[in-house]
Amino acid sequence: DEDYCENKKYCVCRGVSYGEMVACDGEACEGEWFHYSCVGLTSPPGGHWYCDDCIKWEERSSGK
């Protein structure tokens, strides 16, 4: 549904989709897509990219 897509919330800021965004490669990521400015990026990352929450989750689950 188009209204759902336009109003879906992403990122740590829980904002709608706009501008340059990066997808988190975490399988169960709640944010899914993140605005570059919210995660400190100025250009597309090379290779896989994981948000802070997914990095923390991976560290906890692997016992690091």
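Glycine is no exception: its Cβ is also placed from the backbone N, Cα and C atoms.
Model, not experiment: these values are computed from the prediction.
Annotation source TrEMBL lists Zn(2+) 1 binding site at CYS11, CYS13, HIS35, CYS38.
Long-range Cβ contacts of CYS24 (Zn(2+) 2 binding site) within its own chain (separation 6+, distance under 8 Å): GLY31, GLU32, TRP33, PHE34, TRP49, TYR50, CYS51, CYS54. Marked as Zn(2+) 2 binding site by TrEMBL: CYS24, CYS29, CYS51, CYS54.
According to TrEMBL, the domain 'PHD-type' annotation covers 8-57. Averaged across the domain 'PHD-type' (8-57), the predicted model reaches a pLDDT of 95.
Taken from TrEMBL, the feature site 'Histone H3K4me3 binding' covers TYR10 (among others). Within the same chain, residues at least 6 positions away in sequence whose Cβ sits under 8 Å from that of TYR10 (site 'Histone H3K4me3 binding') are VAL16, SER17, MET21, GLY31, GLU32, TRP33, PHE34, HIS35.
For MET21 (among others), the entry in TrEMBL reads site 'Histone H3K4me3 binding'.
Marked as site 'Histone H3K4me3 binding' by TrEMBL: ASP25 (among others). Within 10 Å of the C-beta of ASP25 (site 'Histone H3K4me3 binding') we count 13 further C-beta atoms, all protein chains included.
Summarising the environment of TRP33 (site 'Histone H3K4me3 binding'), the number of other Cβ atoms within 10 Å of its Cβ, over all protein chains shown, is 15. According to TrEMBL, the site 'Histone H3K4me3 binding' annotation covers TRP33 (among others).
Listed recorded positions: CYS13, MET21, CYS38. The one with the lowest count of other Cβ atoms within 10 Å of its Cβ is CYS13. The most densely surrounded of the binding-site residues CYS51, CYS54, judged by C-beta neighbours within 10 angstroms, is CYS51. Taking the C-alpha positions, the distance from CYS29 (Zn(2+) 2 binding site) to CYS38 (Zn(2+) 1 binding site) comes to 16 Å. Listed in chain order, the residues near the Zn(2+) 2 site other than CYS24, CYS29, CYS51, CYS54 are ASP25, GLY26, GLU30, GLY31, GLU32, PHE34, TYR50, ASP52, ASP53, ILE55, each with its Cβ within 8 Å of the site Cβ centroid.
The least crowded of the binding-site residues CYS11, CYS29, judged by other CB atoms within 10 A of its own CB, is CYS29.
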